[in-house]
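*Asks:* Pasting the feature list from Swiss-Prot:
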| type | residues | note |
| --- | --- | --- |
| CARBOHYD | ASN35 | N-linked glycosylation site |
| CARBOHYD | ASN53 | N-linked glycosylation site |
| CARBOHYD | ASN102 | N-linked glycosylation site |
| CARBOHYD | ASN127 | N-linked glycosylation site |
| SIGNAL | 1-29 | signal peptide |
| TOPO_DOM | 30-235 | topological domain 'Extracellular' |
| TOPO_DOM | 257-280 | topological domain 'Cytoplasmic' |
| TRANSMEM | 236-256 | transmembrane segment |
Amino acid sequence: MDLRGRALLGGDRLRILLMFFHAMAQTVAEQEVENLSGLSTNPEKDIFVVRENGTTCLMAEFAAKFIVPYDVWASNYVDLITEQAEISLTRGAEVKGRCGHNESELQVFWVDRAYTLKMLFVKESHNTSKGLEATWKLSKVQFVYDSSEKTHFKDAVSAGKHTANSHHLSALVTPAGMSYECQAQQTISLASSDPQKTVTMILSAVHIQPFDIISDFVFSEEHKCPVDEREQLEETLPLILGLILGLVIVITLVIYHIHHKMTANQVQIPRDRSQYKHMG
């Protein structure tokens, strides 16, 4: 074998070796994942933590439910009718994840891998009037479901594995270095590989941070969703108005008391002129 052939062979071996170590590194990173859902006081909420090199790099708390339409035969066995399966993310799910500087991913599997949820987060920088600003967002959701699973699907036609994907998704947009929090329900539509079917993903009680976690197992400052901020304002506004009204009443009473006291101390001038002779 000539020198050129040996060099090519050596280069191929080096590439294979690098690919092997890269795959091993990813595998090790994915193994550093914890399901802490048992710590949640909300039985519907799951808690997932991804750690790399002994440090938390992704934290996610949320409750998830999927509304999945599927076809069944009508009673005449000629027509098809559409039913809906409601699939909730359950505790004890298997979880994998990976963290990157600009891209992080969370994968969750449950019911013997009949269901798989994949969430992809990206961090981006944008030029604004204030300068360069970085944000992160949920850029892709994929839900794989098996309609032959009998717990949620009853006699589904063409039962089997289907994949539902988001389309041009930009959700949970949050300034970099902050966590996203939203107690209100949020819906994301997913186009299914099952023809003409749209899966609806419902998220609630969300608290997520896929980048820039400073303290282990601790979320950074929260960026609240607009719905939560509006609800918080609606809750505090009556209290603020009540305090203002109470303050106005107190001020009015004080002014009345001062005025009444000043009036009482003034010399009373008799209206009847005949009384002047008794004065002095």
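The backbone N, Cα and C atoms fix where each Cβ goes, and this holds for glycine too.
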*Asks:* Please report the DSSP secondary structure of ASN53 (N-linked glycosylation site), reduced to three states.
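*Replies:* DSSP call for ASN53 (N-linked glycosylation site): coil, neither helix nor strand.
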*Asks:* Around ASN53 (N-linked glycosylation site), how many other C-beta atoms are within 10 angstroms of its C-beta?
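*Replies:* Total other Cβ atoms inside 10 Å, all chains included: 9.
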*Asks:* Report the member of ASN35, ASN127 (the glycosylation sites) whose C-beta atom has the most other C-beta atoms within 10 angstroms.
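*Replies:* By the 10 Å Cβ neighbour count, ASN35 comes out on top.
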*Asks:* Restricting to the topological domain 'Extracellular' (30-235), report the mean pLDDT as a whole number.
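*Replies:* Average per-residue pLDDT within the topological domain 'Extracellular' (30-235): 93.
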*Asks:* Could you say whether, by DSSP, ASN127 (N-linked glycosylation site) belongs to a helix, a strand or a coil region?
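*Replies:* In three-state terms, ASN127 (N-linked glycosylation site) counts as strand.
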*Asks:* Write down the Cα-Cα distance for ASN53 (N-linked glycosylation site) and ASN102 (N-linked glycosylation site), rounded and given in Å.
*Replies:* 18
*Asks:* Hey, how far is ASN53 (N-linked glycosylation site) from ASN127 (N-linked glycosylation site), Cα to Cα, in Å?
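*Replies:* Just about 33 Å between their Cα atoms.
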*Asks:* For ASN35 (N-linked glycosylation site) and ASN127 (N-linked glycosylation site), what Cα-Cα distance in Å is obtained after rounding to a whole number?
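*Replies:* Cα-Cα distance, ASN35 (N-linked glycosylation site) to ASN127 (N-linked glycosylation site): 37 Å.
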*Asks:* Around ASN102 (N-linked glycosylation site), how many other CB atoms lie within 10 A of its CB?
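*Replies:* ASN102 (N-linked glycosylation site): 12 neighbouring Cβ atoms within 10 Å.
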